[in-house]
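TrEMBL annotations:
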TRANSMEM  12-33  transmembrane segment
TRANSMEM  66-87  transmembrane segment
TRANSMEM  94-116  transmembrane segment
TRANSMEM  122-140  transmembrane segment
TRANSMEM  152-172  transmembrane segment
TRANSMEM  178-197  transmembrane segment
TRANSMEM  218-236  transmembrane segment
TRANSMEM  248-268  transmembrane segment
Amino acid sequence: MDPFGKAVRGRTRAIDVVLLAAVPVALVAVFALPRPIRQSFALSYAEPTLVDAYLSNFVHLSLEHFLTNVLVYLVLAPTAYLCYLLADEADRFRVAFVVFLAVLPFVLSALNVIILRPLVGYGFSGVNMAFLGLLPLALVDYAGVQFDSNFTIDHALTLFFAGSILIAVLIVPSRVPGIVAVGIATLGLAIYGYEVVRATSVSRLCDAHTETPPGYGELAVAGLLLFGLTPFVTFPPVSTDASTVLNYYTHFLGFCFGFVVPFVTYRITDAVG
């Protein structure tokens, strides 16, 4: 097996780097526009336009919102890409990337508009959450190639449900103690861990890890940590401001889209193939 760095360099295409870098460049370019122009691209749910339905997903009005979304993208998207790359499934990431950037913004905007609330929406968070939803599938593909072929997308489904439980608990009213969120999330991850152990041999996993060069196991651990910790950043405590409701709604829609659409696609292609 090639060293981690050599394997990444040997498989990475220049176009992949360009595409991955294009997103933060676009976000920076939009944020550099005068505030009135950025505000004009925000999506009015009462009076939506097709242009705003797309561009609003790249608009940020505050520096904190902008930096958070850029940083979240910079850790989620490259991690998912590396997992798919080293699983010899880079095309899966490329297709998902194009769909997330070309189609998902319209989907998120449309699902917000049908709520028929007199609000304005903007921000890249929903698209970012799609990359979080994609991460379980990327991790399972990666683990199946690098560590144990018994890993299947069913394991990704279990991890997705664990993440959904965590998100659901994080966005309930703040009177619920944070320890409850951690406890339920831990239970979900424990179930996931049990499924992994049941389908694989722990000793085989350990042997596979010790036999792989440095970097391979660390990527898997980093991916799992990102999946478990990112919701605490993207789903902060609920505010009493009603405008935040749709924000969480959009985040969760993006998360579900990022997992469900590729998951169903893989199921169909596997069945046909």
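Positions of Cβ are set from backbone N, Cα and C atoms, glycine also.
Source: prediction; values computed, not measured.
Counting residues 6+ beyond its ends, the transmembrane segment (12-33) has Cβ neighbours under 8 Å at 41, 55, 58-60, 66, 69-70, 73-74, 77-78, 81, 85, 90, 94, 97, 101, 124 in the same chain. Contact check: the transmembrane segment (248-268) against the transmembrane segment (66-87) gives fewer than three Cβ pairs closer than 8 Å, residues 6 or more apart, which falls short of the contact criterion.
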